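> Grabbed the feature section from Swiss-Prot, which reads as follows:
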| type | residues | note |
| --- | --- | --- |
| SIGNAL | 1-25 | signal peptide |
| MOTIF | 39-43 | motif 'GXSXG' |
| BINDING | GLY39, SER41, SER42, GLY43, ARG64, ASP65, LYS68, ASP93 | NADPH binding site |
| ACT_SITE | SER172 | active site, proton donor |
| ACT_SITE | TYR186 | active site, proton acceptor |
| BINDING | TYR186, LYS190 | NADP(+) binding site |
| ACT_SITE | LYS190 | active site, lowers pKa of active site Tyr |
Amino acid sequence: MLLVVAAFIVAFVLLLYMISPLISPKPLKLNGAHVVVTGGSSGIGKCIAMECYKHGAFITLVARDEHKLVQAKKEVEKFAINDKQVVLCISVDVAKDYSQVESVIKQAQEKLGPVDMLVNCAGTSLSGKFEEVEVDHFKKMMEVNYLGSVYPTRAVITTMKERRMGRIMFVSSQAGQIGLFGYTAYSPSKFALRGLAEALQMEMKPYNIYVTVAYPPDTDTPGFAEENKTKPLETKLISETSGVSQPEQVAKIVVKDAVQGNFTSSFGPDGYMLSALTCGMSPVTSITEGLQQIVTMGLFRTIALFYLGSFDSIVRRCMIQREQCKAADKRE
């Protein structure tokens, strides 16, 4: 028994020794920083811009719709803390042509200075049964949600490396941590951001550039309202188990995590559990974070199995109900 205890203590000390070189990054000062937000004309992106503006940042809003950009600019400007702050609007499709994205980022840097933080929030959502989703929609999801983040990141990264500082944020989704019924087109495009972020963080860490992946739950945004119009019943019932968050709350947490240089940004108990369960080989920025993942993994996996059982039960019930309705229609 004593040998087991001794072995445990030795292993624990060795673990602390291996993790000890990990030092939390120095927080980014938003006051006077240049923050670029793609998808900044509405929803989470607009709220992130507002949150950064409250802390004195200069903002570049990037989106396709010029009218929405103008409206968003007016809303963001209400949160100014000094008369020097500026909100710049740029209309471009970040998923269409890299050369255009590179050009507008260059314009933004010429007007407001080098980009200190890039928030990749441009995205779209689509739900539906796999065989009912048009093939072109699978391509569209990857173009908008994945390449729409690759292009702006590629456009700012060289300058960030030269300055040896910066923050890159990817706004994923809890559907980018777990594949759910109805998200066969959407989930893969969000899962892809995690792989990009992990590889990019390993490349950028020596340059004092930190990457954050945010996994917000269902959030009350125009995009979410549009998605609900075509969402399968199974997807609605599963999603309802976690509720709907407000974009202002999401923005506050995301900005805080990005400023601190945290790799993962999660929301609420379910989000924390999902992030711990899916941590894999993702980087940590503190000893505490790593130890929490180690200690909670077994418990969270047990809880997750109950969740999965509940989700499978929902899918089976919906299938049975549909079959019963079809049978009743035939009898009539």
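Just so it is clear, glycine is given a Cβ too, placed from its N, Cα and C backbone atoms.
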> Distance check, please: Cα of the residue listed as 'active site, proton acceptor' against Cα of GLY39 (NADPH binding site), rounded to an integer number of angstrom.
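A Cα-Cα distance of 17 Å.
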> Averaging the per-residue pLDDT over the motif 'GXSXG' (39-43), what integer do you get?
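The average pLDDT of the model in the motif 'GXSXG' (39-43) works out to 95.
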> Between the Cα atoms of SER172 (active site, proton donor) and ASP65 (NADPH binding site), find the distance and write it as a whole number of Å.
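ASP65 (NADPH binding site) has its Cα 22 Å from the Cα of SER172 (active site, proton donor).
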> Just checking the binding-site residues GLY39, SER41, ARG64, ASP65, ASP93: which sit within 10 A of LYS190 (NADP(+) binding site), CA to CA?
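Taking GLY39, SER41, ARG64, ASP65, ASP93 one by one, none has a Cα falling within 10 Å of LYS190 (NADP(+) binding site).
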> In sequence order, what residues of the same chain, 6+ apart, have a Cβ less than 8 Å from the Cβ of ASP65 (NADPH binding site)?
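Spatial neighbours, sequence-distant, of ASP65 (NADPH binding site): SER41, SER91.
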> Sort out the sequence-distant neighbours of LYS68 (NADPH binding site) for me: same chain, 6+ apart, CB within less than 8 Å of its CB, listed by position.
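Listed in sequence order: SER41, SER42.
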> Within 10 Å of the Cβ of SER172 (active site, proton donor), how many other Cβ atoms can you find? Include all protein chains, please.
26
